[in-house]
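For 1-24, the entry in TrEMBL reads signal peptide. Among the features that TrEMBL reports, disulfide bond is placed at 33-48. What TrEMBL records for 60-208 is domain 'Cupin type-1'. The oxalate binding site feature in TrEMBL is assigned to 105, 110, 115. Summarising the annotation, TrEMBL assigns Mn(2+) binding site to 108, 110, 115, 154.
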């Protein structure tokens, strides 16, 4: 009798355990729940907005390659719930990553999602590191796919002579991204120097030098930006 009850309990719990591997997010309880990004209500996710249109389920941002004229020579264009509100409660999202020759998407993790990448063009050297510090690497080409397990440090680098691009898929509407170097050397408030000197077995001067490269950039006042814009002919975004 006890054995039968045990088997029944296992059979009841098994679907719950299996379901947890399908998506990193909770299951939806209605057909759609377009995210109300303007709401002050704090939830594990976003509240539903009442008036929805087809545009809530549309995002054109992955159609064109992004500029890669930055420090790492790579740019991530996300298509998560914050860009595509219709993804709310659906447990999926995407991104496009463009790489200049030599471009790097530096070591980072996605704490809430597994990532799978499909190479649109070019060739990349990719890899991830397990919790046992074992590195798995592979060179992937156009049309090929590679998976990065949830929460593990991983990277992609374009060692070729031509630009490369991938489309990434995630099993979360908001996978989150944490770059290892930015987190340790660019946090606010900063991690104390003695913690980093001991962790990396280097001197204080080396730590301070690295921190200076990752220090959060201070925002200029709007009048300063307007003045600079008038004098350089450039444009500033993010105000």
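A Cβ is built for glycine as well, from the same backbone N, Cα and C atoms used for every other residue.
Using a 10 angstroms CA-CA radius around residue 154 (Mn(2+) binding site), the recorded positions that qualify from 33, 48, 105, 110 are 105, 110. Sequence-ordered, the extra residues of this chain that approach the oxalate site, with Cβ no more than 8 Å from the Cβ center of 105, 110, 115, are 95, 108, 109, 117, 148, 154, 168, 170, 175, 177. Ranked by CA distance from residue 108 (Mn(2+) binding site), the recorded positions 33, 48, 115 have 115 at the top as the closest. Using the Cβ center of 108, 110, 115, 154 for Mn(2+), the list of other same-chain residues with Cβ within 8 Å runs, in sequence order, 109, 128, 148, 152, 153, 175, 177. Take the CB of residue 108 (Mn(2+) binding site) and look out to 10 A: across all protein chains shown you find 19 other CB atoms. Across the fold, the C-alpha of residue 115 (oxalate binding site) and the C-alpha of residue 48 (disulfide bond) stand 26 Å from each other. Around the Cβ of residue 33 (disulfide bond), 20 further Cβ atoms fall within 10 Å across all displayed protein chains. In the predicted model, the domain 'Cupin type-1' (60-208) shows an average pLDDT of 97.
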